[in-house]
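Worksheet for the structure shown next.
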Amino acid sequence: MNYLVMISFALLLVIGVESVRDGYFVEPDNCLVYCMPSPEICDRGCKRYGATSGFCKEFSKGENFCWCKGLR
């Protein structure tokens, strides 16, 4: 059991615990941001909030919203 704890701790040190999130970004009133009229809106908006990139993703039938990769 001691070895399991030591190995787990060593993995955390090697891998690191810093992580990023993916998800939809919202306007200040908590509304999802539509991709239309231009998908470039997503990339610019996501990068403004610290993401690595953004693109259109289908949320539900026929509705596309901005999806951000690597949000901090």
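Each residue, glycine too, has its Cβ placed from N, Cα and C.
Per Swiss-Prot, the features are:
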type	residues	note
SIGNAL	1-19	signal peptide
DOMAIN	21-72	domain 'LCN-type CS-alpha/beta'
DISULFID	CYS35-CYS56	disulfide bond
DISULFID	CYS42-CYS66	disulfide bond
DISULFID	CYS46-CYS68	disulfide bond
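The disulfide-bonded residues near CYS46 (disulfide bond), taking a 10 angstroms Cα-Cα threshold over the set CYS35, CYS56, CYS66, are CYS66. The disulfide-bonded residues in question are CYS46, CYS56, and the one with the fewest Cβ neighbours inside 10 Å is CYS56.
In this structure, CYS35 is the one among the disulfide-bonded residues CYS35, CYS42, CYS66 with the smallest number of other Cβ atoms inside 10 Å of its Cβ. Counting residue by residue with DSSP, the domain 'LCN-type CS-alpha/beta' (21-72) contains 9 helix, 24 strand, 19 coil. Cβ neighbour count for CYS68 (disulfide bond) (all protein chains, 10 Å cutoff from its Cβ): 26. Calculated from their C-alpha atoms, the gap between CYS56 (disulfide bond) and CYS66 (disulfide bond) amounts to 5 Å. A gap of 6 Å separates the Cα atoms of CYS35 (disulfide bond) and CYS66 (disulfide bond).
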